[in-house]
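Taken from TrEMBL as is:
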type: BINDING; residues: A:Cys65, A:His69; note: Cu cation binding site
type: BINDING; residues: A:Asn470, A:Ala471, A:Val472, A:Lys473, A:Asp517, A:Lys533, A:Ser548, A:Leu552; note: ADP binding site
type: CROSSLNK; residues: A:Lys717; note: ubiquitin cross-link
type: DOMAIN; residues: A:350-589; note: domain 'Histidine kinase'
type: DOMAIN; residues: A:615-732; note: domain 'Response regulatory'
type: MOD_RES; residues: A:Asp663; note: 4-aspartylphosphate
type: TRANSMEM; residues: A:20-41; note: transmembrane segment
type: TRANSMEM; residues: A:53-72; note: transmembrane segment
type: TRANSMEM; residues: A:92-113; note: transmembrane segment
Amino acid sequence: MEACNCIEPQWPADELLMKYQYISDFFIALAYFSIPLELIYFVKKSAVFPYRWVLVQFGAFIVLCGATHLINLWTFNMHSRTVALVMTTAKVLTAVVSCATALMLVHIIPDLLSVKTRELFLKNKAAELDREMGLIRTQEETGRHVRMLTHEIRSTLDRHTILKTTLVELGRTLALEECALWMPTRTALELQLSYTLHQQNPVGHTVPIHLPVINQVFSSNHAVKISPNSPVARLRPRAGKHMPGEVVAVRVPLLHLSNFQINDWPELSTKRYALMVLMLPSDSARQWHMHELELVEVVADQVAVALSHAAILEESRRARDLLMEQNIALDLARREAETAICARNDFLAVMNHEMRTPMHAIIALSSLLQETELTPEQRLMVETILKSSNLLATLINDVLDLSRLEDGSLQLDIATFNLHSVFIEVHNLIKPIASVKKLSVTLNLAADLPVYAIGDEKRLMQTILNVVGNAVKFSKEGSIWITVFVAKSESLRDFHAADFFPVQSDNHFYLRVQVKDSGSGINPQDLPKLFTKFAQNQSLATRNSGGSGLGLAICKRFVNLMEGHIWIESEGLGKGCTANFIVKLGYPERSNESKLPFLPKMRATHVQTNFPGLKVLVMDDNGVSRSVTKGLLEHLGCDVTTVSSTDEFLQVISQEHKVVFMDVCVPGIDGYELAVQIHEKFTKRHERPVLVALTGNINKMTKESCMRVGMDGVILKPVSVEKMRSVLSELLEHRVLFEAM
Amino acid sequence: MDAVAQWRNQWFDYTHYLRREGFLDDQFAQLKKLQDENSPDFVVEVVSLFFQDSEKLLNNMARALEQNVVDFKQVDACVHQFKGSSAWIGAMRLKNVCINFRNYCEAQNLEGCLGCLQQVRQECLALKNNLENLFRLEQQIVAAGGSIPVME
């Protein structure tokens, strides 16, 4: 036989084994075929799978393996050559593919592994980002809270509101259990619990400021964690089992206003801090996070600024209130001063009147008395009375003048007068008094002293009288020398008085008067006080001088008004003293008087006693006034016509009337207007009657108004016989009369 | 002569009293001086004129002050006149009351004005009585054959 290619299948007793193999192969083939199906199914389902080629390969590999195993099934029994061929092909293919796959897998598996790693990495990253997002959100919220807090704090300028709001908002934002503010006391040695979040009455609790924990907090501008057991943190009585939450403390600089000049705050020299203590809720295991600490620090700074603004506002409010108070007080003082001045002026006005009335009575009646039949003794007595009362009247006038001097409203009565006779009269007045005290008085008038001068005669005489009077008063014995001369230009320059500036001119000369006495002298220390009002030298006062201390003060003012200078020299007590003064007077021929408001008054050489036939016109609306004036004038022999209104006046007035008396203080009748009309009617001076105004009060204003409208004189009413007589006399002689009453 | 001396003494006392109390001042003496042979009743005439005027003025003032809207300027003008007249006959107290009156008028103080008006009336009356007494005394002196003394 030929070798048979058929292989007799072995069907030994291991037929069972063969059966199992057969079944296993079958299942393996099944599995191998189902795997790619599953793969395809799931890959189709999934969206992303980058390795399709690998899949195909793998699928092919698996399929072929399955095919191999499947074909294996036929080889258990007798199988033909084709089967064997197919089997071989399948196996070869499988081998090829599996080798290719194996080779491919070498490349692919690392890739697959790295995908996994990347996936893990990304997951981690995502988790991290999530965490950070959470953190940022928290921070943003914190920031929002800070802004809101700041807004709340800065929206009020009231200190308490600021602090209270801070604590409340902080408590809310950070969910604190307790929040407290400790302020330094005035002594800066202790911290006092001023505000808390939850406690109602925090006052009184103090801790000393120099505790180490407090120093620690104050020395840094960060929020510092402190122990819950420290005295500043023990705000509530703790129930035993509570685990206290973490406590943080931060300093709040209390800025003073003066600190704002420095640019970088709060690193200043300010030493005053308040302490803010914040406590987390107990038993909460919460911890202070960085952002929360930063929040607290920012808030503390904002609070500091807000507090300083509030302090500034308080300061300015206080200053304003103080100013208002002061204003009110000043206003009151001013009004009181004004009232006082008014009262004084009223008093002066009344005294003016009251004092002058009796004086006039005395003077008038004494002058009347003079005209009656008197024995020579009586005549002498009456003359002395008259002279003394004239002096007294002058004195009264001058006491009242002094107040006018103070006001600056006194003006000198400039007129031409006889300079020599002034001194002679002073000499005559002083001689009797001096001779009683056995003092000799020598008057020495320089040869070049002008006889007439222009100035205020009355006040010059008063000054001289005062100075000479003082010399007499304070000398017990010896002599008094009065020297009068014209001060030459060279000597004038020697005077370095503060307010004396002599100016030479052709119209004026400086009169120098020197009064030397050999009396008690004056202590050089007292010299400056001499001219002070009412200040009497003690040693002089003991001499019972009886003066009011006004004399020299008045003299000084008069001399100043006359643009001069007065001073006293003395070598000491017991060595006598020399009083000097210089005044400016005008030369009578060369001065221009047009600038002076007053017309020169010539002394009347004689007084007419009667005016027979003088035609006088009287205008007055008051019946009584009219009749008395008429009676007065008729008593003096005049031929009087009376009218009571301007119309009547204008009808009656004619060239025959020589003198017109008109009342100018009649309301409703404008006497001034009338005067103007008279001037217009009678243009030539010799045709016009003399116009005299009768008025109830004489002051500068009345006089000026009268002069302005062209009146020739002003008289104060009521008028005495004597007065009327002298007035008429003067008017007829000089056609002018202006004098003060 | 005794009677005359008595009357004269009485006259002196009375005038002293009047001067002291301020009813009259030196202006009255001036008036007396103007009385001479040409005008023997000068003083009496002036005084009567004064009282006639004052009646009128007082009535004007009273009427003005009774108005609803008081014209203080008018009242002031009347008081001014009154003051002037009083000054001319030497009635010092009257004059002083007038000064007060004018102040009230300036201040437009109705109460004060009414008070002053009352005062003026009283003073006027008192003065009238006093002057009447004085003139009667003088008449009696003249009737008894003496001459009226000169007022000091």
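Here the Cβ of each residue, glycine as well, is placed from N, Cα and C on the backbone.
Here the candidates are the recorded positions A:Cys65, A:Asp663, A:Lys717. The one whose C-alpha lies nearest to that of A:Leu552 (ADP binding site) is A:Lys717. Proximity to chain B (CB-CB distance below 8 Å) holds for none of the binding-site residues A:His69, A:Ala471, A:Val472, A:Leu552. The 10 Å shell around the Cβ of A:Lys717 (ubiquitin cross-link) contains 24 further Cβ atoms across the protein chains shown. The Cβ of A:Asn470 (ADP binding site) lies under 8 Å from the Cβ of A:Gly551, A:Leu552, A:Ala579, each of which sits 6+ residues away along the same chain. Sequence-distant contacts of the transmembrane segment (A:20-41) (same chain, at least 6 residues past either end, Cβ-Cβ under 8 Å): 55, 58-59, 62-63, 65-67, 69-70, 72-73, 76.
Rounded to a whole value, the Cα-Cα separation of the residue listed as '4-aspartylphosphate' and A:Lys717 (ubiquitin cross-link) is 9 Å. Taking the C-alpha atom of A:Ala471 (ADP binding site) as reference, the shortest distance to any of the recorded positions A:Cys65, A:His69, A:Lys717 belongs to A:Lys717.
Packing against the transmembrane segment (A:53-72) from elsewhere in the chain are residues 25-26, 28-33, 35-36, 39-40, 43, 83, 86-87, 90-91, 93-94, 97-98, 100-101, 104-105, 108: each is 6 or more residues past its ends and has a CB under 8 Å from a CB in it. Other Cβ atoms within 10 Å of the Cβ of A:Ala471 (ADP binding site), summed over all protein chains shown, number 26. Contacts of A:Asp517 (ADP binding site) defined by a Cβ separation under 8 A and a same-chain sequence distance of 6+ are given as A:Ala471, A:Val472, A:Phe474, A:Ser475, A:Gly478, A:Ser479, A:Ile480, A:Trp481, A:Gly576, A:Cys577, A:Thr578, in order along the sequence.
Across the structure, the residue listed as 'ubiquitin cross-link' and A:Lys473 (ADP binding site) place their CA atoms 39 angstrom apart.
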